[in-house]
Amino acid sequence: MEEDLFQLRQLPVVKFRRTGESARSEDDAASGEHDVQIEGVRVGLEAVELDDGAAVPKEFANPTDDTFMVEDAVEAIGFGRFQWKLSVLTGLAWMADAMEMMILSILAPQLHCEWRLPSWQVALLTSVVFIGMMSSSTLWGNISDQYGRKTGLKISVFWTLYYGILSAFAPVYSWILVLRGLVGFGIGGVPQSVTLYAEFLPMKARAKCILLIEVFWAIGTVFEVLLAVFVMPSLGWRWLLLLSAAPLLVFAVLCFWLPESARYDVLSGNQEKAIATLKRIATENGAPMPLGKLIISRQEDRGKMRDLFTPHFRWTTLLLWFIWFSNAFSYYGLVLLTTELFQAGDVCSISSRKKAVEAKCSLACEYLSKEDYMDLLWTTLSEFPGVLVTLWVIDRLGRKKTMALCFVIFSLCSLLLFICIGRNVLTLLLFIARAFISGGFQAAYVYTPEVYPTATRALGLGTCSGMARVGALITPFIAQVMLESSVYLTLAVYSGCCLLAALASCFLPIETKGRALQESSHREWGQEMVGRGTNSTGVPRSNSGSQE
């Protein structure tokens, strides 16, 4: 009774009385307002009219009806065998994405020497991949919201696999430039695997599972470096490109096992398909389905850009765009800076080293040595502790504070590089900086799918991913071009950018820790319900949201 009383106090709607007797007078009926007496407590209620055909939200339904939403089913079924399979399959997509990114740092110097390419053509080979990713990220998000998460992910994977294999047979520079750009276009859809994955996860496991999926990114980068160590000296870069497509090939074969998101099916009106998917998951996990009838969410337009800029989401969208931009800008900038700093020994040696090589021919080149591959491997390994730290703090501090913490520590490490330090301390600072900037990236991947409703979740993640590619596209001009003029200005740019990103994280209006995924963008249906759990005092939480 205490729980019913709390809901009646919080929700401005009429609930049926269990006695079945009417407590309204004729004046009440005319005004649409009346009081209800429950065990001596009078509660003022207000009648709300529903549009014809509109689904009645569970919170407002007759308490004698047994109904449930997709969120209830996912929570009841829990984490089990199905989610483990999905974790591995989603991880393969992330592993393939990481390998395609890591191969850029291996392929560029190889083609520079083999085809005698000038420096600007080598740089363009990297930039064209990010241009493809930047231009397609929003498109893949729109496709996933309009036609389904599985559809968008499958098309992007087959696209990337096809052009990735063709890249290995490119006869001349112009061909590989076009083909790698098309590979980048396909990679722009890989982040949609996180959207699909998150929508099948119970609330308590969501953050940990998404972060653990990011481990596959680190595994992919390590695997690519190890593959290059054995393949490049004997078989060459063409075989490296072919073998690097292996995770995508495995994913393409197994992706037919993937179900469509039940949340998407409900939102698009496919109730029977959603129920079938939920029953399949319950069977695989050996868990019972909730009793009753699945409530269909109000059908609405999906994948519309304007929905990201409604008054409720406008500020969140703009701040997230800057956060994602800063993440990629700093992450890939650090990757480029690492090679420069290792070759120079420390920051103070860079300027003199640059002057010494200015007179060298632009076509001069050096093949990557085994020592170079080991340096790449060492810096890549720093992402594993980054995952562990983020995993430990994200459910303790919350998503916003975790992102802010990662940005602040990266900024401090960048500032400490101003000091003329030895190689060992330099390596330690670079290790810590990369661990935390990768941790900030991972926290953003947790937060973004949680903050947007199902109707715009894929588009929101896609546009954020697109802004990240803008940062990745710009950062070579800072980490390589500006570095030649002033190493201190370069470090100041990265440090300042991350400090601003930390502030942006703090100013995000919604904290998604302990919050259920939103099904609808309509606030009147309680879009910011904080799960169906309780707060620290054991009192059920209202639908006022988690805004701070």
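In case you wondered, yes, glycine gets a Cβ from its N, Cα and C as well.
Looking up S31, S137, S297, S349 in Swiss-Prot shows the phosphoserine annotation sitting on S31. In Swiss-Prot, A205 does not share a side of the membrane with Y373; the two are on opposite sides. Looking up S25, S268, S351 in Swiss-Prot for phosphoserine, the annotated residue turns out to be S25.
Panel annotation: around the transmembrane segment (402-422), residues 323, 326, 330, 334, 341, 346-348, 390, 393-394, 429-430, 432-433, 436-437, 439-440, 443-444, 447, 488, 491, 494-496, 498-499, 501-503, 505-506 of the same chain, lying at least six beyond its termini, place a Cβ under 8 Å from a Cβ of the stretch. Long-range contacts of the transmembrane segment (490-510) within the same chain, counting only residues at least 6 positions beyond its ends with a Cβ under 8 Å from a Cβ of the stretch, are 315-316, 319-320, 322-323, 326-327, 329-330, 333-334, 337, 347, 400-401, 403-405, 407-408, 410-411, 414-415, 417-418, 437, 440, 447, 451, 478-479, 482-483, 528, 545-548. A contact between the transmembrane segment (458-478) and the transmembrane segment (317-337) is present, since 3 or more of their C-beta pairs, 6 or more residues apart, lie under 8 Å. Mean pLDDT, taken over the topological domain 'Cytoplasmic' (446-457), works out to 86 on the 0 to 100 scale. Remark: the transmembrane segment (210-230) makes no contact with the transmembrane segment (157-177), by the rule of 3 or more CB pairs under 8 A.
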